[in-house]
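These features come from TrEMBL:
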DOMAIN    246-567  domain 'PDEase'
BINDING   H322, N323, F324, R325, H326, D363, D472, Q523  AMP binding site
ACT_SITE  H322  active site, proton donor
BINDING   H326, H362, D363, D472  Zn(2+) 1 binding site
BINDING   D363  Zn(2+) 2 binding site
Amino acid sequence: MAPHSAEVCNSCRSVEKLTCNKEGTITDTSYFSPGSLALLRGRGSSCKKNSSLLTDSCQTPCCAGEGSAMGTSSSSYTPKTIYLDVDGKIQKVIFSRHCSPCDIRELLCSSSNIPRSSAIMLVDPEGALVSIDPTMPTNSHRNLYKVMPLCTGQLGEKEDMFQNVLSQVADQFSRAFRINELKTEVTNRLAMLEKRVELEGLKVVEIESCKNDLKKLRDEMETKGGRSLTCTCKYNFYDDGKKLSPRRDVPSYPKYTLSQETIEALKKPTFDIWHWEHNEMLSCLEYMYHDLGLVKEFNMNPITLKRWLLGIQENYRSNPFHNFRHCFCVSQMMYGMIHLCCLQEKLTLTDMGILMTAAVCHDLDHPGYNNTYQINARTELAVRYNDISPLENHHCAVAFQIISLPECNIFANVESEDFKQIRQAVITLILATDMARHGEILDSFKQKVDIFDFTNEEHVKCLKMVLIKCCDISNEVRPTEVAEPWVDCLLEEYFMQSDREKAEGLPVAPFMDRDKVTKPTAQIGFIKFVLIPMFESVMKLFPQVEEIMVQPLRDSRDHYEVLKQIDDSLTDEPKKKTESLSLGGKKK
């Protein structure tokens with residue numbers, strides 16, 4: 001008869017090791033989260049002694065709640081089981097679907113005899129990384145996962161062997177291609193070129209002298225003409241330090257295996273974008289391009305797609321709001337609307353590629369200060385683009401600067417004329433995200449929506465402009481717990497700008513002033529007068545949008561109106577007390 005034992009984590013209260021007798025249903029070397037233990041208890045373990053032990057060692061509210069749910073046989077609370085290969089032995093790990101990724105990592109470390117604080121990765125038998133989260137795909141004891149610590153020195157011996165092989169290959173190449181003789185020949189040719197440059201040095205001096213003479217002549221003409229030909233702006237366009245140059249030496253990011261649950265969630269506006277790291281978001285974006293058939297349609301090299309996405313990520317700044325997570329948020333909403341509105345049946349694959357690419361690129365290199373600040377401060381961008389949508393024009397320029405790099409050109413295999421049309425369409429959509437043009441674009445769409453014709457290019461162009469606008473400002477469509485943190489991020493960026501405007505003596509918009517705006521006041525007007533009218537217009541063309549997107553907006557409006565009433569009542573009470581005190585003083 002084997003003894004019963006358990007090891008309990010002091011932090012997460014998860015039971016890590018259990019041993020039962022032959023009649024027990026819980027076997028040796030199984031690892032359980034608190035939630036999954038409660039679920040097992042709800043099902044009724046045949047091991048009474050073990051059951052009492054678990055009750056003593058894992059008394060958490062999470063366990064009780066999940067256990068009661070299991071008692072009602074609700075399939076949504078079924079625990080997940082994965083099997084690991086640990087030193088040639090099979091280990092079973094059971095956890096609740098409501099465990100955090102951190103708890104799951106601790107369970108995996110414990111099951112593999114790795115210290116809890118170690119950084120780990122989970123790989124399948126083919127060597128592909130498996131995302132460590134509650135939605136990870138399950139496996140069987142014939143298809144084992146393996147937990148591996150992230151260690152820099154684990155490949156030392158293989159690296160030494162690889163270096164030895166490389167040195168031998170280099171020696172063989174040197175002999176085969178007569179590298180030493182080639183080096184001598186190149187050195188001799190360089191010496192000859194140096195002599196030639198010396199002989200022609202006089203010509204270089206003469207050219208420089210001519211340039212100086214031309215500069216003097218130009219200065220004299222400007223002086224006589226009484227006007228300056230140079231720009232009086234405070235920024236110099238020719239400052240190379242200000243030019244953005246996308247990185248060429250971008251590394252590859254690991255391949256993540258997306259579970260079916262994640263793939264389905266990606267298609268819905270309820271997708272929680274806060275649980276994903278940058279590499280995982282890149283993998284999701286890559287999946288979207290493959291799933292929509294864009295890689296095949298544009299004959300994209302999959303490696304080029306990876307490099308392009310990495311170049312995009314590198315050129316989003318770490319702003320509170322306008323950052324790479326916002327880029328992913330807008331792109332995921334576009335992907336969701338394509339599926340929700342069945343746009344694959346109504347638009348071409350080229351249109352799908354234009355919509356997705358514009359969403360990915362729409363806020364590239366956003367500095368965190370809006371167009372109003374750019375124009376009032378007379379920044380380089382405002383001067384360069386003549387105060388006309390300076391940020392949106394800059395986003396377009398950076399987007400096609402990245403695509404112009406051969407290693408990042410996802411449209412390299414597209415015909416020249418087709419690329420011109422794609423480029424123009426993407427620019428049109430990104431420029432449409434300027435909120436200064438909101439009324440103009442929405443009015444144009446409202447005129448077309450009742451007689452909308454999907455074969456009419458102007459109608460489709462207007463629809464695509466409205467779709468990217470919807471996705472750009474769609475946070476309030478998401479559940480409150482996902483949407484509300486975005487409001488905090490946006491207000492933080494607004495306050496950062498208003499503080500700078502005050503310091504520089506520039507006008508400050510009331511909705512950005514930390515002394516005047518609150519979260520409810522910032523959102524109520526925006527939802528009522530911008531979001532709901534625009535989404536209701538789209539609803540006329542796609543009725544399914546009402547339940548999935550318009551109703552959550554109405555709920556969000558009601559939520560913030562309740563918060564505003566609470567804020568107003570709290571601010572009114574001190575005023576009434578002050579007034580009553582002052583009246584009492586007058587009576588005396």
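Going from the start of the chain as shown, residues are counted 1 onward.
Backbone N, Cα and C atoms are what each Cβ position is placed from, and that goes for glycine too.
Known features from TrEMBL, placed on the structure.
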residue : record                : Cβ within 10 Å
H322    : AMP binding site      : 25
N323    : AMP binding site      : 19
F324    : AMP binding site      : 21
R325    : AMP binding site      : 18
H326    : AMP binding site      : 22
H362    : Zn(2+) 1 binding site : 27
D363    : AMP binding site      : 25
D472    : AMP binding site      : 22
Q523    : AMP binding site      : 25
Record-annotated AMP contacts H322, N323, F324, R325, H326, D363, D472, Q523; largest Cα to Cα distance in whole Å is 23
H322 (AMP binding site) to H362 (Zn(2+) 1 binding site), Cα to Cα, whole Å, comes out at 10
Rounded to a whole number of Å, the separation of the Cα atoms of Q523 (AMP binding site) and H362 (Zn(2+) 1 binding site) comes to 23
CA pair D472 (AMP binding site) / H362 (Zn(2+) 1 binding site), Å rounded to integer, equals 9
CA pair H326 (AMP binding site) / H362 (Zn(2+) 1 binding site), Å rounded to integer, equals 10
Same-chain, non-site residues whose Cβ lies within 8 A of the H326, H362, D363, D472 Cβ center for Zn(2+) 1 are H322, C327, V330, A359, H366, T433
Cα-Cα, F324 (AMP binding site) versus H362 (Zn(2+) 1 binding site), nearest Å, comes out at 11
